[in-house]
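Some notes on the structure that comes next.
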């Protein structure tokens with residue numbers, strides 16, 4: 001074998017075969033022996049087999065990319081290993097840089113949820129919401145679905161961008177077409193299932209069933225999910241491509257923007273479509289079934305496109321469990337919302353529900369996406385690694401350790417109170433809702449918001465690592481569960497806060513108005 005540096009052997013599963021010239025001149029390894037010890041009779045270099053675990057083979061070059069205080073390697077022309085093109089490090093960040101990058105999209109996402117809350121506060125008095133109250137059950141389910149699909153899309157694309165899978169136009173186009181087709185399939189199917197869940201949850205307490213209302217819910221849900229997926233998917237792709245070109249970590253900005261725009265656009269579409277179809281219910285009853293049939297008939301087209309793409313084929317077959325279970329969890333939150341806002345004593349809860357659920361979902365999605373990217377840079381799902389513990393972490397390791405993910409959890413948790421204060425003030429200044437912001441109301445609301453985010457960040461730390469250790473890609477599986485739990489926990493804690501305020505007689509807050 002020639003000793004020229006440009007001739008290299010690729011890494012094997014548990015070791016590397018390197019020319020001795022490279023081994024001795026690599027900056028990643030110390031000079032262990034003299035070069036003369038490894039020269040053959042004719043002066044040519046001989047091969048040396050360096051045995052090392054997969055984790056150790058990657059550890060030296062990835063430590064700099066993942067740890068805040070690691071020194072960044074500047075030997076870009078190192079030829080000791082066949083690394084291929086290495087993407088820019090997305091996680092070499094301080095607490096300040098994390099907070100700075102997250103702050104703007106977080107506020108944008110928060111104002112999006114405030115706008116969604118204001119819309120819900122207005123449309124709850126429309127006839128379709130009064131006489132087809134199951135639409136309230138659809139609200140968290142569809143908002144959660146859009147959050148799940150769009151934030152999962154954003155997380156997948158962010159990870160792909162960070163690990164160099166979208167660097168060429170061909171790779172970029174393949175990722176775009178496959179993922180857009182995939183979310184159309186998921187949105188149509190889960191939107192249909194969400195309408196069935198709304199019908200069931202609405203029928204069980206009252207024992208009343210209307211076929212016209214059931215078809216209306218199906219048409220509204222499927223049409224809303226499809227259109228919102230198309231619009232938001234294109235926006236997300238633009239955000240991720242733009243953030244990479246600007247040198248910003250897509251994990252920090254893509255998921256909050258997806259959630260903020262998703263809530264507002266989805267709720268506006270649901271309200272408008274359901275209102276329009278409700279108006280046609282008496283004179284043109286055939287419109288609702290036609291709308292359902294049209295969007296369902298498009299399913300085979302999206303399935304064929306998604307199956308042709310290797311990046312989305314696996315998710316097409318295995319990615320249904322999390323979004324369907326998440327939809328069911330969010331529907332329970334929708335049932336709580338339906339039963340709460342239907343009581344005139346708690347009508348003011350409607351404007352705050354998208355805000356508390358959206359903020360919690362945004363923050364935990366950022367954390368889950370960051371942890372997933374961190375793990376992807378150290379290997380593949382299912383690989384044993386020091387970065388992927390299988391045991392349930394302690395709260396101290398989640399929030400108070402020195403690693404970058406714990407640091408980001410602290411930053412995200414500290415954004416809760418100032419963020420919600422800004423959003424509450426915005427709602428109050430716009431005269432939204434039926435609740436005056438008294439001190440006791442703010443205390444109860446902040447307690448619910450802090451407890452929600454605290455629980456979600458801890459669950460995210462455990463769930464992402466747990467899924468990783470079981471050969472499941474967290475980008476596809478963790479975010480749907482986490483955002484659905486955020487909807488359920490947020491709605492439940494907010495409803496509990498309103499009930500307690502009403503019981504203790506906080507009349508100054510006008511909870512019962």
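FYI, residue positions are counted from 1 along the chain as it appears here.
Just so it is clear, glycine is given a Cβ too, placed from its N, Cα and C backbone atoms.
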Residues flagged as region 'Disordered' in TrEMBL, choosing from 58-92, 93-127: 58-92
The transmembrane segment (479-504) and the transmembrane segment (409-427) contact flag, 3+ Cβ pairs under 8 angstroms: no
Within-chain partners of the transmembrane segment (285-305) [C-beta distance under 8 Å, separation at least 6 from its ends]: 177-178, 181-182, 184-185, 188-189, 192, 212, 215-216, 218-219, 222-223, 226, 277, 316
The transmembrane segment (102-122) and the transmembrane segment (439-459) contact flag, 3+ Cβ pairs under 8 angstroms: no
Cβ-Cβ under 8 Å with the transmembrane segment (439-459): same-chain residues at least 6 beyond its ends: 352, 356, 359-360, 363-364, 367, 393, 395, 398-399, 409, 412-413, 416-417, 420-421, 424, 482, 485-486, 489-490, 493-494, 496-497, 500-501, 506, 508-509, 511
